[in-house]
Amino acid sequence: MARTKQTARISTGGKAPRKQLAPKAARQSAPATGGVKKPHRFRPGTVALRDIRKYQKSTEILIRKLPFQRLVREIAQDFKTDLRFQSSAVAALQEAAEAYLVGLFEDTNLCAIHAKRVTIMPKEIQLARRIRGERARGE
């Protein structure tokens, strides 16, 4: 479709007539058809950025203690049965595991940014581990 020039139009002048509002008593008695208010929705990415700032400020552990403890005991079973753990030992393992994961995700994010993306993918995690010199499982 070809573009055409806009021509000037003559204005009809004046303002459009306003609708008359119903009297206050009549408005209150009328049933509200759209009375259900929609929940507020943030724009995509806003909540994610808020969460990032929140977790970067905080220092508390993010993995739940009992599931982590069960995982540690399950892995330890492969090496020796009937092992017992002090609670401080499990806490130290959890602190170290979270520090490792945070560092890995930082490096992974840098790899994704280098690829001109903001979404991390498994290939970035693999690249970050390879650059760090870590061996993959099964090698």
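Each residue, glycine too, has its Cβ placed from N, Cα and C.
The feature compositional bias 'Polar residues' is assigned by Swiss-Prot to 1-10. As annotated by Swiss-Prot, N6,N6-dimethyllysine applies to Lys5, Lys37, with the evidence given as similarity to another entry. If you look up Swiss-Prot, you'll see Lys5 (among others) marked as N6,N6,N6-trimethyllysine. For Lys5, Lys19, Lys37 (among others), the entry in Swiss-Prot reads N6-methyllysine, with the evidence type similarity to another entry. As annotated by Swiss-Prot, phosphoserine applies to Ser11, Ser29, with the evidence given as similarity to another entry. Feature annotation from Swiss-Prot assigns phosphothreonine to Thr12; the stated evidence is similarity to another entry. If you look up Swiss-Prot, you'll see Lys15, Lys19, Lys24 marked as N6-acetyllysine. Residues or ranges marked as region 'Disordered' in Swiss-Prot: 1-43.
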**Message:** Applying a 10 Å Cβ distance cut-off over all chains shown, what neighbour count does Lys5 (N6,N6-dimethyllysine) have?
**Reply:** 4
**Asked** Rounded to the nearest angstrom, how far is the Cα of Lys5 (N6,N6-dimethyllysine) from the Cα of Lys37 (N6,N6-dimethyllysine)?
**Response** 44
**Prompt:** What three-state class does DSSP give Lys37 (N6,N6-dimethyllysine)?
**Reply:** coil
